[in-house]
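Student: Just passing along the structure, written as structure tokens.
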Amino acid sequence: MAKFVFITGGVVSSIGKGIVAASLGRLLKSRNYTVSILKLDPYINVDPGTMSPYQHGEVFVTDDGAETDLDLGHYERFTDTNMSKLNNVTTGAIYQAVIYKERRGDYQGSTVQVIPHVTQEIKERIRRVARETNPDVVLVEVGGTVGDIESLPFLEAIRQFRKDVGRANVAYVHVTLVPLIKAAGEMKTKPTQHSVKELRSIGIQPDVLVCRCEQPLPRSIKEKISEFCDVPVECVIQAQDAPSIYDVPLVLEQEGLAQRVLQILNLEPQQPDLREWELLVQRLHHPQEQVEIAIVGKYVRLTDAYLSVAEALRHAGLALNAGVTLRWISSEEVEERGPEALLADVDGVVVPGGFGSRGIEGKVATIRYVRERGIPFLGLCLGMQCAVIDWGCNIAGLERANSYEFDPDTPHPVISLLPEQKDVEHLGGTLRLGLYPCRILPDTLAAKLYGESIVYERHRHRYEFNNAYRSLFLESGYVISGVSPDNRLVEIIELPSHPFFIATQFHPEFRSRPNRPHPLFLGLIEAALRSRSRPQALQLQNTG
């Protein structure tokens with residue numbers, strides 16, 4: 001039978017529950033325990049797929065096509081385990097299921113209520129993860145902050161869960177904040193006390209407290225928290241601000257988090273093997289070289305909108321002993337100031353995904369600039385579509401070439417709606433989503449980078465390269481290096497006479513791991529390092 005660890009958060013939002021859950025998952029896995037992680041999100045959206053990136057950040061896509069919270073990206077990267085639609089549940093999905101069952105007559109005339117019907121559905125989703133993934137330990141992160149009205153059904157469900165499965169099979173970990181009042185030079189425990197009091201009023205006594213702090217917690221502060229919160233002092237875990245998220249597992253291991261959790265769950269406290277992770281962190285902090293990569297996007301005001309892109313770049317840097325500095329550039333700013341003012345001194349450029357026409361001209365101008373100057377370039381999803389628009393307008397002679405998404409009246413829709421999307425009415429969950437195969441053409445940059453003839457990548461799009469223009473693009477020097485196995489969909493394009501210019505319709509960033517960087521990002525950083533070693537960027541005019 002699986003054991004369960006419930007991770008809640010208090011005092012403030014964005015306190016780091018997801019990183020704590022992912023780090024604990026890594027620590028348990030390093031002890032040869034299998035782990036699955038579930039994120040419970042208290043918003044009423046069925047999933048985050050239609051939410052603004054400014055409100056939610058990145059939408060992380062799993063192999064099975066689920067549009068999920070960005071924390072699932074942390075879970076995958078830290079535990080090196082694929083998540084699925086089982087691993088993210090929202091209030092909206094819970095209520096949708098409950099209402100469907102009520103309409104079907106499953107409740108046999110009962111008055112449908114939060115308790116027991118909603119809480120039973122929540123508990124069933126938790127059990128389903130254990131049943132279908134069969135891990136030793138299920139970690140459950142409860143989104144939101146203790147005290148939020150939206151989180152109450154989830155907290156009630158996890159309170160009941162210990163009674164359902166037995167006290168020895170459940171541990172409660174509460175992540176809280178111990179702020180430093182700099183004017184007084186004191187660390188204050190009162191916010192933690194009140195947060196635990198709120199949690200206890202619901203009926204949950206935390207077993208472990210993970211205390212976020214700027215400075216080390218003195219023993220006296222730990223003892224005070226222990227006294228007021230009724231938690232053993234050894235279970236008051238210091239989580240001091242770390243230089244990077246990849247330091248956090250090592251910080252929590254030093255504090256004994258995994259050991260305490262295993263004791264509570266009556267599991268063997270096996271010796272961890274963190275040698276690979278320690279080497280990774282050492283490389284992160286002591287790079288031998290540096291590169292600067294520009295990310296030119298629509299949502300750079302909230303960098304979490306491109307979280308997996310940023311992490312994939314860092315992963316590639318780690319493998320090459322190179323530090324990667326990110327320069328965040330709004331594509332709208334490119335429209336205002338021009339690419340020369342913003343990109344002249346970068347070592348490489350990524351144009352990531354997005355939706356809608358805002359900022360598109362800036363993305364296209366960016367791609368033309370890097371194409372003509374030989375700056376290493378990687379386009380992702382919308383980034384590939386903008387590369388196609390640039391080539392159509394500026395090389396292939398297609399005046400006013402555009403995407404049907406941005407200009408339905410364009411005379412040259414080089415990017416068109418997927419045929420299966422033409423009758424779609426709803427936005428949510430209707431994109432081409434999840435893992436699909438891609439056939440790599442031999443003797444191409446993609447073939448060199450992947451080293452395989454068939455690869456599998458995650459998708460999230462509604463528009464695709466228009467095959468009516470495929471011959472024209474090939475004749476004008478474009479190389480289509482990746483296609484769907486039936487040759488219907490263009491998946492990868494590249495320019496062979498450019499030092500490094502490749503773009504994909506899929507999202508390779510979702511499959512990158514710290515210990516296994518994605519080949520396309522690895523290729524970009526390698527090219528950026530080569531570019532940096534040159535006295536100046538190669539000047540190319542109208543090249544591929």
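Placed from the backbone N, Cα and C atoms, the Cβ positions cover glycine too.
Among the features that Swiss-Prot reports, region 'Amidoligase domain' is placed at 1-267, with the record citing sequence analysis. Per Swiss-Prot, UTP binding site is recorded for Ser13, Lys188, Thr189, Lys190, Pro191, Thr192, Gln193, Lys224, and the stated evidence type is sequence analysis. Annotation source Swiss-Prot lists CTP binding site at Ser13, Asp148, Ile149, Glu150, Lys188, Thr189, Lys190, Pro191, Thr192, Gln193, Lys224, citing sequence analysis. Residues or ranges marked as ATP binding site by Swiss-Prot on the basis of sequence analysis: Ser14, Ile15, Gly16, Lys17, Gly18, Ile19, Asp71. Annotated L-glutamine binding site per Swiss-Prot: Tyr54, Gly354, Leu382, Gly383, Met384, Gln385, Glu405, Arg462, in sequence order, evidence recorded as sequence analysis. Marked as Mg(2+) binding site by Swiss-Prot: Asp71, Glu141. Here Swiss-Prot flags 292-534 as domain 'Glutamine amidotransferase type-1'. What Swiss-Prot lists as active site, nucleophile is Cys381, and the listing cites sequence analysis. Marked as active site by Swiss-Prot: His507, Glu509.
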Student: Taking every protein chain shown into account, which of the recorded positions Ile15, Ile19, Cys381, Leu382 has the largest tally of Cβ atoms within 10 Å of its Cβ?
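Tutor: Selected residue: Leu382.
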Student: Just the number: how many Å between the Cα atoms of Glu405 (L-glutamine binding site) and Lys190 (UTP binding site)?
Tutor: 53
Student: Once near-sequence residues are set aside, which residues in the chain of Lys224 (UTP binding site), 6 or more away, have Cβ atoms under 8 Å from its Cβ?
Tutor: Thr189
Student: Note down the number of other Cβ atoms within 10 Å of the Cβ of Met384 (L-glutamine binding site), including every protein chain shown.
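Tutor: Step by step: centre on the Cβ of Met384 (L-glutamine binding site), count other Cβ atoms within 10 Å, giving 27.
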Student: Find the one among the binding-site residues Ile15, Lys17, Ile19, Asp71 whose C-alpha lies closest to that of Pro191 (UTP binding site).
Tutor: Ile15
Student: Kindly assign Thr189 (UTP binding site) to one of the three DSSP-derived states: helix, strand or coil.
Tutor: coil
Student: Taking just the CA atoms, what is the gap between Glu141 (Mg(2+) binding site) and Lys17 (ATP binding site) in Å?
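Tutor: Rounded to a whole number, the Cα-Cα distance is 7 Å.
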Student: Over all pairs in Ser14, Ile15, Gly16, Lys17, Gly18, Ile19, Asp71, the listed ATP binding residues, work out the largest Cα-Cα distance in Å.
Tutor: 13
Student: Using all protein chains shown, find which of the binding-site residues Ser14, Thr189, Gln193 scores highest when you count other CB atoms within 10 A of its CB.
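Tutor: Counting Cβ neighbours within 10 Å, the top one is Thr189.
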